[in-house]
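Report on the following structure.
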Amino acid sequence: MLVYLAEYLTRFHTGFNVFSYVTFRAILGLLTALMFSLWWGPKLIERLQLMQIGQVVRNDGPESHFSKRGTPTMGGLLILGAIFLSVLLWGDLGSRYVWVMLFVLGSFGMIGFIDDYRKVVRKDTKGLIARWKYILQSLAALIIAFFLYTTAANPGETQLVVPFFKDVMPQLGAVFIVLAYFTIVGSSNAVNLTDGLDGLAIMPTVMVAAAFALIAYLSGHAQFANYLHIPHLPGSGELVIVCTAIVGAGLGFLWFNTYPAQVFMGDVGSLSLGAALGAIAVLVRQEILLVIMGGVFVMETVSVILQVGSYKLRGQRIFRMAPIHHHYELKGWPEPRVIVRFWIISIFLVLLGLATLKLR
C-alpha cells in the first residue's frame, strides 16, 4: 500500500525511491510484524483469558502437559494479524504473489479458526470433523493450484526443480496442479502435527520462511537465477516481504510462546502457517526443497503415519506416542530439551537445503 504513496512522493523528493527496493521493504515488513506482535500480544492474551479460551489437553497425553490445560490458545490470530498488517503496508498490492499468499493465509486461517472455536468455545472435543477439515483444505488448495496453473506467465512457473541436478527441471504440465495441491495441504497438516510443544513449531517455521525469503529474492533476479540454475520468476521478489513478515510475526509470537508458554497458536496459526510455507514452495518451484528444509515437519508427520499404520496392520505401536516429540517426552526428556534439539535439527536441514542451491 505504502509503495504507491512512496511512488507518488518520489516526484517531490528522490529519497522516497528507497521504498521501491524489495530488500528495504522486507526489513520494514519484518520489523512491523515483530513490533505489532510484541505490542498486541499481551492484549490478546488478556482477552483470551477473559473469554476463557484455553487449551484442551488430552487425558492420555504426557503428565507434564496437564499443567498446560487452560493456557490461552488461538494465538495464531496474533500471527495472522501481524502478517496481514505488514504485507498490506509494505507489499506491492498489484502483485499476484501477494494476493495468492493472503488468500492462503486467510482461507486456511479460517479453517483453523472454526476448528479452534468448536473445541474451546463450544467445548466440542472433536472440533471440526476431520472429513470437513480435509474437504475445506482441499477446496482452498485446489483453487490456488488451478489459479497458478492457468495464469502461469512463463514456463519456469510450472517446472519442477530437482536439488543437486542443475539441468533437471522437467515441465510438469497439468501435474503441477496435483503437486501444488499435495504440497499445500500436506505442509499445512505437517505443521499442525508439529505444534505440540512450546515453541516447537514456530521456530522451524521462522527458519524455513527466512530461507524462502532468500530463495524468492534470488529467483526474482535473472542473473542470480541463471547462475544458480533455478527458474527466473519475475515479480517473485514480493514474496520476500511475505516471508519476512512471517519471520517477524513468528519471532514476536515466540516471545509469548516460549517455554513455559503464555499462549498457543492453535489450529488457526498452525494450519495457516503450514499452508503458507507450502504455497511459497510452490510459487518459487522448490517443493522438494521444502521437504528437506522442513524435515522436522516431515519427521513428525511420518511418525504419525507409521504409528497408525503399524497399529492397524500389526496391532503394535512403534513409538510410545505420536507425533514423535511426545515419544521423547515419555522417554524422560524434559520438554525444553526436546524443543531445542528439534530446533537444532531444523537449523541443520535449512542450511543443507540452502546448500543445494550451489551443489549442483
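Every residue, even glycine, has its Cβ placed from backbone N, Cα and C.
The model shown is predicted, which means the values in this text are computed figures rather than measured ones.
For reference, Swiss-Prot has these:
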type	residues	note
TRANSMEM	26-46	transmembrane segment
TRANSMEM	74-94	transmembrane segment
TRANSMEM	97-117	transmembrane segment
TRANSMEM	134-154	transmembrane segment
TRANSMEM	168-188	transmembrane segment
TRANSMEM	199-219	transmembrane segment
TRANSMEM	236-256	transmembrane segment
TRANSMEM	263-283	transmembrane segment
TRANSMEM	288-308	transmembrane segment
TRANSMEM	338-358	transmembrane segment
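With a cut-off of 8 Å on Cβ pairs spaced 6 or more residues apart, the transmembrane segment (168-188) and the transmembrane segment (199-219) reach fewer than 3 such pairs and are scored as not touching.
In this chain, the transmembrane segment (97-117) does not touch the transmembrane segment (26-46); fewer than three CB pairs sit within less than 8 A of each other, excluding pairs fewer than 6 residues apart. Contact between the transmembrane segment (134-154) and the transmembrane segment (263-283) is supported by 3 or more Cβ pairs under 8 Å, counting only residues 6 or more apart in sequence. Sequence-distant contacts of the transmembrane segment (288-308) (same chain, at least 6 residues past either end, Cβ-Cβ under 8 Å): 160-163, 183, 186-187, 189-191, 193-194, 204, 207-208, 211, 215, 274, 277-278, 281, 317-319, 322-325, 327, 342, 345-346, 349-350, 352-354, 356. Among the recorded stretches 236-256, 263-283, 338-358, the one sharing the largest number of Cβ pairs closer than 8 Å with the transmembrane segment (74-94) is 236-256.
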